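J.: I have a structure I would like to understand better, so I am pasting it below and will then ask my questions one at a time.
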Amino acid sequence: MIRHSQELILNRLPNSASALACTAHALNLIEKRTLSHEEMKSLNREVIDYFQQHVNPGFLEYRKSVTAGGDYGAVEWQAGGLNTLVDTQGHEFLDCLGGFGIFNVGHRNPKVVSAVQHQLEKQPLHSQELLDPLRAMLAKTLATLTPGKLKYSFFSNSGTESVEAALKLAKAYQSPRGKFTFVATSGAFHGKSLGSLSATAKADFRKPFMPLLPGFRHVAFGNIDAMRALFTDCKKTGDYVAAVILEPIQGEGGVILPPPGYLPAVRKLCDEFGALLIFDEVQTGMGRTGKMFACEHENVQPDILCLAKALGGGVMPIGATVATEEVFSVLFDNPFLHTTTFGGNPLSCAAALATIHVLLEENLPAQAQQKGNLLLDGFKELAQQYPELVVEARGQGMLMAIEFVDNEIGYQFSSEMFRQQVLVAGTLINAKTVRVEPPLTLTIEQCEQVLTAARRALTALRQSLANPSAVVTENVTN
C-alpha cells in the first residue's frame, strides 16, 4: 500500500523522482558523522557544482581566498572545538571570523545546543494563537539586560529584519508628529532589504535597487557638527528628523570607532530636536566589544536597539528590536501591524536565553576586553613592523580590523592566513580592511597562535612583493 502510494505520488508530480533522490542523498549526509576520502572528494565537487548551477556562481569567485592550490573551494563539514571548524578534507581552522559575529559563545556551545535540543523535544514551533512562554521570558530578560528604559521586544530572524522593525516603529511613532526624515552615516551597514538598505551607505549595494525609500540622509560618521547642520537644515525646510540610526562602532565600514563624546553628543542632539535614536548593535552587541552592548562604553541609551547575529548563540537565527514603552506603545492597539511567522519561535528563544546565560555566567564580555587587548596590541606591533603593508590596526574588545595599503594586499593576507588554517575575511564596505572577529571563548594560547600566523602571513607578503616568483609559505592545507 505504501509503495503503491509512493508510485502514485511520483507519477503525479513532475521531476519528483529526481527531487526525492536529492533529498535522500542529503539526509544520508546529514546523518553521517564522518566521510571517507572518496566521499569527501565527491561532496566537494558536488557542492561547488551546485553553487555554480543553482545558488550563485559569484560566491565561488568571492571565496577564492579559501582555496588550496586554486583547485577547490573549502567546504564546511562540521564544527571542530569551541573555536574551530572542520572542512570536508578534515582540515581544522581556527575561526577568527566568527560567522561575521555570530559565534560569540563559540561553535556548538554545549549549553546552547542542550537548550535547543530540550525545546525541540517539547515543541519546535508555536501555534501562533496561544501565548508562547519562551518569547515572554526572553523579552523580560532583554528588558532587564539592556540599558536605560528599553522594555518591549519584537523578535524576528535576522539583523536586517530587526532594523526594518526599528524603522517601521520609528515611522509609526513620528509620523503623527510630522517627522519623516531618517539620518544615517557614511560607511554604515544596516542590511540589504529595502528599508535597511536605504540606511546602508555603500553605492554598490544600493545602485541596482534605486530608488530606495525616500527620506534617508547620510552624514559623516563621527562628525557631530555635520549632523547638527543637517538637523538644522531639515528643520528650516520642514523635513523634520524622525530618527538617527547608527552603529556605535561601524562593523562592515571597517571597524570604525567614533571619537570620544560622539555618541553622547548624538543622544543630546536627538533630544534637542525630538528625534529618536536607534542603535544598530547587530554586530557589536552581546559582549563583542567588551561590554554587553557597545553603547555602554559611554553610557548612552537609545530609544530603539537592534540585535541579532550572536543573540542566537551560533545555533539558531534570531533578531530582536527592543524599544522603550513610549515608542513601542504605538503597536499596543494593533499588535498585528508588524509581525513575522517565525519570529520569537521557541527554538530561537531557547537559544537566545541560553546564550545570554553563558555570556553572563562566564563573564565573556570581560574576557573579550582582556583577550581583545592582547590581540590588538600584537596587531599594532605588527603594523609598526610592516608599514609598507599595514596602515593601522584598530578595534574594541574582540571586534578588530587590520587596514592594509590596498585591497589586493588585504585579500592576499586573508589567503595567507587561510593557508595557516586561520580564518579571517574582509569587511563589506571597506575592502582594504580585514576583520578579526573570533569567538569570545578564544583561549590565550589561541590568541598567540593568531598573532604568530599574522606575523608569518605579513612576512610572506613582504617577501612575495620583493620577489613575486618566490614561494614563501607552505600551504598547510595540502
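Even glycines carry a Cβ here, placed using N, Cα and C.
The shown structure was predicted, so the numbers you read here are calculated from the model rather than taken from an experiment.
I grabbed these lines from TrEMBL:
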BINDING   Gly159, Thr160, Gln283, Thr341  pyridoxal 5'-phosphate binding site
MOD_RES   Lys309  N6-(pyridoxal phosphate)lysine
J.: Do me a favour and check the Cα-Cα span between Thr160 (pyridoxal 5'-phosphate binding site) and Lys309 (N6-(pyridoxal phosphate)lysine); whole Å is fine.
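T.: Cα of Thr160 (pyridoxal 5'-phosphate binding site) to Cα of Lys309 (N6-(pyridoxal phosphate)lysine) measures 10 Å after rounding.
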J.: Taking only the Cα atoms, work out how far Gln283 (pyridoxal 5'-phosphate binding site) lies from Lys309 (N6-(pyridoxal phosphate)lysine), in Å, as a whole number.
T.: 7
J.: Going by DSSP, is Gly159 (pyridoxal 5'-phosphate binding site) part of a helix, a strand, or coil?
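T.: DSSP call for Gly159 (pyridoxal 5'-phosphate binding site): helix.
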J.: Just report the maximum Cα pair distance in Å for the recorded pyridoxal 5'-phosphate binders Gly159, Thr160, Gln283, Thr341, no decimals.
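T.: Across Gly159, Thr160, Gln283, Thr341, the widest Cα separation comes out at 24 Å.
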J.: Among the binding-site residues Thr160, Gln283, Thr341, which residue has its Cβ surrounded by the fewest other Cβ atoms within 10 Å?
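T.: Candidates: the binding-site residues Thr160, Gln283, Thr341. Fewest Cβ atoms within 10 Å: Thr341.
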J.: What number of additional C-beta atoms lies within 10 angstroms of the C-beta atom of Lys309 (N6-(pyridoxal phosphate)lysine)?
T.: 27
J.: Can you grab the distance from Thr341 (pyridoxal 5'-phosphate binding site) over to Lys309 (N6-(pyridoxal phosphate)lysine)? Cα atoms, rounded to a whole Å.
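T.: So the alpha carbons of Thr341 (pyridoxal 5'-phosphate binding site) and Lys309 (N6-(pyridoxal phosphate)lysine) sit roughly 19 Å from each other.
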J.: Suppose we draw a 10 Å sphere around the Cβ of Gly159 (pyridoxal 5'-phosphate binding site). How many other Cβ atoms does it contain, all chains included?
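T.: There are 29 such Cβ atoms around Gly159 (pyridoxal 5'-phosphate binding site).
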J.: Cα distance, Lys309 (N6-(pyridoxal phosphate)lysine) to Gly159 (pyridoxal 5'-phosphate binding site), nearest Å?
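T.: Here the two Cα atoms are 7 Å apart.
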